[in-house]
Amino acid sequence: MSESTTAKPTKKLYIQTHGCQMNEYDSSRMRDLLGASHDMVPTDNPEEADVLLVNTCSIREKAQEKLFHQLGRWKHLKEAKPDLVIGVGGCVASQEGDAISKRAPFVDLIFGPQTLHRLPEMIETPRENGAVVVDISFPEIEKFDNLPEPEADGATAFVSVMEGCSKYCTFCVVPYTRGEEVSRPAVDVLREVTHLASQGVREVNLLGQNVNAYRDDSSGEVIDLAELIAAVADIDGIDRIRFTTSHPMEFTESLIQAYAEIPELVSHLHLPVQSGSDRILSAMKRGHTCLEYKSKLRKIRALRPDISFSSDFIIGFPGETEADFAATMKLIEDIGFDNSFSFIYSPRPGTPAADLPDDTPEQVKKDRLKILQTRIIQQAQEISRRMVGNTERVLVTGYSKKDPGQLSGRTENNRVVNFRCNQPELIGKFADILIEEALPNSLRGVLLGSELDD
């Protein structure tokens with residue numbers, strides 16, 4: 001009589017991700033890692049998960065409270081299922097590890113951005129004397145050596161090329177939560193991109209907190225971001241390259257020249273400036289003036305007249321006057337930004353700016369933010385209207401969120417385009433779309449042709 005065997009039930013993983021694209025990338029690598037080590041499958045329902053992870057961001061105000069609200073919602077799940085594993089990762093974990101373990105003692109794991117590769121071992125580590133497992137150290141970028149090959153999810157992918165930041169802007173916590181700048185060896189980056197391309201990825205976004213500070217000298221020769229982009233462009237299957245997020249100080253002449261020499265580099269750039277006032281830029285310790293910033297963008301636009309620019313703005317930094325804000329608005333007009341991530345300044349504990357006196361009334365900050373965001377929306381709509389009548393090359397990424405009868409994709413300048421089509425095999429391919437209508441948050445067009453016609 002043969003022995004019957006019962007397969008172990010598949011364990012399920014739920015990850016809540018807060019914050020930036022680096023966190024999105026890290027969360028995807030956690031899924032790959034625990035899928036490889038524990039055969040875990042992702043779920044969108046936290047109530048059916050065996051492992052709950054929250055990947056946190058500490059950039060904005062109330063990040064800690066957002067985390068504890070999330071953990072409060074999960075506490076009852078832990079009470080109903082004692083074997084449930086709850087973990088906190090990301091930048092808030094790096095910054096507030098002790099506070100998390102004290103306020104939420106039911107949390108099992110606390111890990112930083114540089115130690116996520118140790119998750120399989122942390123999950124298996126039994127709690128000793130009721131203590132949480134904590135690993136928020138900054139090992140020298142070893143996590144990439146311990147992660148499995150990435151699994152592609154569609155035609156676009158993020159690829160982290162460096163970690164950390166060494167600029168120490170007075171408002172920013174990143175150097176304290178992710179550590180100093182460390183670049184991955186170019187050969188490792190190219191291997192990852194090649195693997196993704198073999199799975200059908202057509203567009204990669206090279207990531208780093210200060211990505212244009214990328215420097216790899218592991219082979220004896222220095223490879224900068226411009227050279228890395230050129231090497232990525234040579235990989236079969238890769239047709240579009242983006243990079244995020246940049247610092248104006250590190251925007252070298254070779255990187256500017258890449259816009260003339262590398263057609264795969266898209267005609268869109270996100271380059272944070274934070275303020276148009278030299279006085280505020282100095283107080284932020286940004287290391288450049290407004291004129292120096294504009295000069296770089298004008299050089300790029302001379303090489304790529306159709307390029308679009310987006311940026312980050314902090315409103316109400318301590319001491320910001322009406323004149324400072326007016327300088328920011330003038331910069332917005334001069335450049336013609338068509339998108340922004342703009343927020344009212346919130347002091348981050350442990351940063352130099354947190355000690356500066358803040359005497360600007362809250363309502364004034366809110367009014368300034370509304371003025372800035374309204375103008376950038378107007379500029380974006382003007383750019384979208386100018387695109388009507390153009391034929392745009394669109395990378396089709398899936399179905400429209402609002403209409404399953406339409407496919408959706410993005411232009412080089414990061415516009416969402418929806419068009420009616422009954423060819424699902426077009427997903428992951430490039431299509432030529434005649435833009436017929438500009439809507440507030442997207443464009444609508446008709447299909448003229450695609451790679452399927454070749």
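Residue positions begin at 1 at the first shown residue.
Each Cβ is built from the backbone N, Cα and C atoms, and glycine gets one as well.
Residues or ranges marked as domain 'MTTase N-terminal' by Swiss-Prot on the basis of sequence analysis: 11-128.
Swiss-Prot lists CYS20, CYS57, CYS91 with the feature [4Fe-4S] cluster 1 binding site, giving sequence analysis as the kind of evidence. CYS20 ([4Fe-4S] cluster 1 binding site) falls within neither a helix nor a strand when secondary structure is assigned with DSSP, and so counts as coil.
Taken from Swiss-Prot, the feature domain 'Radical SAM core' covers 151-382.
The [4Fe-4S] cluster 2 binding site annotation in Swiss-Prot covers CYS165, CYS169, CYS172 and rests on sequence analysis. CYS172 ([4Fe-4S] cluster 2 binding site) carries neither a helix nor a strand DSSP state and counts as coil.
What Swiss-Prot records for 385-449 is domain 'TRAM'.
The DSSP secondary structure for CYS57 ([4Fe-4S] cluster 1 binding site) is coil. Under the DSSP three-state reduction, CYS91 ([4Fe-4S] cluster 1 binding site) is assigned to helix. In sequence order, HIS18, GLY19, MET22, ASN23, THR56, SER58, ILE59, ALA63, GLY90, VAL92, THR177 are the same-chain residues whose CB sits within 8 A of the CB centroid of CYS20, CYS57, CYS91, the residues recorded for [4Fe-4S] cluster 1 being left out. Across the domain 'MTTase N-terminal' (11-128), the DSSP tally of helix, strand and coil residues reads 61 helix, 23 strand, 34 coil. In the structure shown, across all protein chains, CYS91 is the one of the binding-site residues CYS57, CYS91, CYS169 with the greatest number of other Cβ atoms within 10 Å. A simple way to gauge crowding: the CB of CYS20 ([4Fe-4S] cluster 1 binding site) has 19 other CB atoms within 10 angstroms, across all the protein chains here. Within 8 Å of the centroid of the Cβ atoms of CYS165, CYS169, CYS172, where the record puts [4Fe-4S] cluster 2, the same chain has further Cβ atoms from LYS167, TYR168, PHE171, VAL173, VAL174, PRO175, GLN209, ASN210.
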